Every structure is written in C-alpha cells, then in structure tokens.
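Annotation comment: Swiss-Prot describes S213, S214, G215, T216, T217, K221, Q355, G356, T360, D444, R459, K550 as ATP binding site, evidence class similarity to another entry. For Y263, S267, A333, Q355, G356, T360, M368, K461, K465, the entry in Swiss-Prot reads (E)-4-coumaroyl-AMP binding site. Among the features that Swiss-Prot reports, CoA binding site is placed at K284, K467, G468, with the record citing similarity to another entry. Taken from Swiss-Prot, the feature region 'SBD1' covers 286-355. For 356-423, the entry in Swiss-Prot reads region 'SBD2', with the evidence type similarity to another entry.
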Amino acid sequence: MITAALHEPQIHKPTDTSVVSDDVLPHSPPTPRIFRSKLPDIDIPNHLPLHTYCFEKLSSVSDKPCLIVGSTGKSYTYGETHLICRRVASGLYKLGIRKGDVIMILLQNSAEFVFSFMGASMIGAVSTTANPFYTSQELYKQLKSSGAKLIITHSQYVDKLKNLGENLTLITTDEPTPENCLPFSTLITDDETNPFQETVDIGGDDAAALPFSSGTTGLPKGVVLTHKSLITSVAQQVDGDNPNLYLKSNDVILCVLPLFHIYSLNSVLLNSLRSGATVLLMHKFEIGALLDLIQRHRVTIAALVPPLVIALAKNPTVNSYDLSSVRFVLSGAAPLGKELQDSLRRRLPQAILGQGYGMTEAGPVLSMSLGFAKEPIPTKSGSCGTVVRNAELKVVHLETRLSLGYNQPGEICIRGQQIMKEYLNDPEATSATIDEEGWLHTGDIGYVDEDDEIFIVDRLKEVIKFKGFQVPPAELESLLINHHSIADAAVVPQNDEVAGEVPVAFVVRSNGNDITEEDVKEYVAKQVVFYKRLHKVFFVASIPKSPSGKILRKDLKAKLC
C-alpha cells in the first residue's frame, strides 16, 4: 500500500461484518455496488508514450525551471531537461539498449534519476527502480527477476554490485568513475541539438516501469506498469477542467520522498512534469534542511508520509521558518489521526491537508482528497477522499465476496486502465490479484460512507485476531501517535495460547517524556473495546519503516520470538 488513511470511529461507525443481515446477504446475487468519483470522467490520451504525454506542454514551459537540486541549487529548465533526456535516450541506444529491455535505476533523488527514467521511456526501455540501501542479496534478486541489462547508480553503491553479472553495464553519475564502470557523461555526449532520431513504435500496453512490491507481506514481485497505466493514473489526478489535484505551472513541489518508490515517482515527478511545475529534489530527509528548502524556494506542494508530518507538527524548529508558501500537504502510506492533523493545521493554517490511498499494483493512486481539486470539496477527517476519475471501486465481503453498500467494511477492489498489467513472469500471483472481471483485489479493508468517501481500516493480512475478533493495528496506532508523550508507535500481534493473538505495541517516547507501560495501556483502554486493549508495551528508539513510510511489521514481530 502506498497511501492510506484511517477512519475516525467517533465520526463514522461502519456496520460490523461479523453479523451479516439479510440485506447484506440476499438469497439471489445482487447487482454489485460500484462507487465512482464525484468528479466527471475525462478524456485521457493514454495512446501516447509516457514521455510524450509528460512533455506535451513543453513549448509553453520551455524556459521555466523543471528541476532544482536542493543540495546545490543547480536548476534545469524544461527545455534543458527534455534535451538531456533525449541525449540519455541516444546514449542508451548506442550502448545496445532496445525497446523492452530493462535498465535498473539505483539512485537517491537526483536530476540523473529523472534523465534516466524519461530517457529510457523515449526508446521504449523499461526502468526498474531499486532502493540504494538494499543489500547485495536484495539487489541480486531484483536484478535477476527483472532481467536488467544496465544499472545507473552512484559510485558509493558499486561495491554492492560486484559479481552480479559479467555482461552487466554499470554507469555512475559522480566522479571519479570507479573501475569497470562508465561515467554518466557517456550517455549525454551526444551534443546534437536534436539527438536520438530513431523511430521506436511504443504502444500503450508496452511496459514503462517495473517497480517491485515492498515484500512486507510476501516476496517482492515485479509490477508491470505500462505507458497506458501510468498516463491514466497521472491524468486521473491532474488533467481536466477540474483536476482532482490542482497543480499550476508556478507551483514548486517538494520531492523528499524517494523516487524509486511509486508514490513519489508518480504523484510527485510525473504529475509535476505533466503540469509544468517545478520539482525541488531532496536526496535525503533532514528536518533543518527540509525547512530551509521550503522557505528558500517557496515550496507550494509537499507530498509527505506520516513520519514527516509528525516532524512538521511536533518539532519546535518549525517555528523558526516561514512556511506560508505551502498550499497543499499530501500525506500517504499510513494513517493520520485527527489530533495530528489538527497539530499540523495549527502550524500551517493556510495549507490544505489531505490524504490519499493507493498501492503499487493499482498504478498507484486509488483515491485522493477532493480538497485538492480546482473546485475543492471538503473532506472528512480520516478520509482518503473519493475514488479517482475514470475508475470503479467496490467493497466486497471478506468471506462471501459479495459486493457491499455504504458503511460496510470489506476488501477494497479497483478497476480501470491505471492498474498494473501483471506481475512479471508470475501468472499465478497475477490471477490471484486481478480477477476475470478485471477487478484488482487490494488486500486492504475499508468502507465507503454515504458521501462516497473512502476510509481504510487496515491491511487484510495485518489484522490481529483476538478470540475471533478483528483488531486493526492502524486504529490503535492512530490513538497512540496522538498522545503528546508518544512520538511514534506500531502495533503487532503476539501469539497467545488462549486468545490466539493479542495486540502489543512498540512505542517511541517524545523527547524528555517518561511515560510508562501502564500509562500507555490505560490511555488506550479508555478508548477501545476490551478486545482491542494492549497486552504489552515495548519502548524503542525508532519504528522500522520502508522508504515509503510503511511500518515493517515483520521486523517487529521478529523481536517477539
């Protein structure tokens, strides 16, 4: 899951599916209840190649800043960015990369990441993006699974790539160039004003990106995203007369989330390129540097994950900076509780704060707050908005698989041209995720309220089963994070001979606070039903999370063994 939001129980109380009434389970199969966006569908030019679509407005923004490297201040206009991307395309082609070939981009956020991804698109190559902090073993698995022929990386990661393949081409973006590697300048030495004249027939169903799922609930699998699926997803967000996410060409969009993750790649980079906005690249998070960049470059859009939202809401350093330029704060990857949202709103009263929901396989965005629309519609606290345009969403019963109506929690399913084509070389996993009618089953539990707003309760596989009762960890985590003495928290199941599983919490204390285990237990017990009460609390220095901000529950469960 890339983006998610947690419902606020005091605002909405969905029907408990443990008791199913006759109107939920009729004697004859009902017509499926399908939910759609409150915004009208739009025409989407998803017959185009991705790069053509993203740079379609090039002539009108050619002299505008496209990329700004936060650490150096170096800026590239749209005209310069497009030209370098074409030179990279030419360089890759000269190195033997052809349509359908896979290249691996192993970089932190940088201009070279953008040049490489878009350059690969121009020749019909496929980019598989990888986490630079992966181990050699993890990189080998992704390299082998994807079949990548070339890796573009930074010299500091080269040692991890030794012995991964004799015929593997390594290109590094910095100087000096390590032994047996080619400098990035090799790709951009084509000094023609109109480089790469080859004609490549790229269809909408051809693969453009090959991200790998996080593996927190299973083995990583290559997710085939086509030119059509990526264009559809971007258009669902930023195209049309009243876009769901209203970006303007004078917007400056903070890119601190890693581009190797689909959330940042899609909702930050591709959305920005399509809109003619400026992308401010930050290669790693550090609160002081982030605040300085927001102030110095007058950032207007900040796409974040909850840990960064917590920093903005709770870190006293924030008060020393002028953040008045920010108009949208997008949050995803995990829930935001109401108190945390209120804290951030006090810090950024002029900004609209909203959440979205998605997953890599869905292209990735399923829903988004309509508060970000050109003609905004207020969204409830805890909601992750309505389903995106040109898509269909339904909620199915966890056992009967029948379609459910309003306020009835079940598994979220999505259908539309934005979803993945398949899992790479894994037809069994593909058919288990996308059914014969084209519905992608997310594995997320949620419901749609009477205003068509979506509330995610939890991951299906992460639900704790206490004597048959379902205990959603995200609900308890939201309560914990809203406590003034708690900086971060995660809840996981611990095996129990009597109950089967019991919820236990890992808690990070706020600076200077000495909250005890009993304090935490009592705080939660006052707010939840008996079977959701915490049985143990462990205090830790930090909560392990993936680059996208998802809690690595398997690491915490391992501590309980």
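Quick reminder: no glycine exception, Cβ is built from N, Cα and C everywhere.
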Legend entry - Counts by DSSP class (helix H/G/I, strand E/B, coil) across the region 'SBD2' (356-423): 6 helix, 23 strand, 39 coil
Legend entry - Entries of Y263, K284, M368, K465, K467 which, being binding-site residues, have CA atoms within 10 angstroms of Q355 (ATP binding site): M368
Inset, instruction - For each of the binding-site residues (S213, Q355, T360), count the other CB atoms lying within 10 A of its CB, then report the residue with the highest count. - result: Q355
Legend entry - Confidence summary for the region 'SBD1' (286-355), mean pLDDT rounded: 91
Inset, instruction - Find the one among the binding-site residues Y263, R459, K465 whose C-alpha lies closest to that of K284 (CoA binding site). - result: Y263
Inset, instruction - Give me the Cα-Cα distance between G356 ((E)-4-coumaroyl-AMP binding site) and R459 (ATP binding site), rounded to a whole Å. - result: 15
Inset, instruction - Write down the Cα-Cα distance for K467 (CoA binding site) and T360 (ATP binding site), rounded and given in Å. - result: 33
Legend entry - Lowest local Cβ density among K284, R459, which the record lists as binding-site residues, within 10 Å: K284
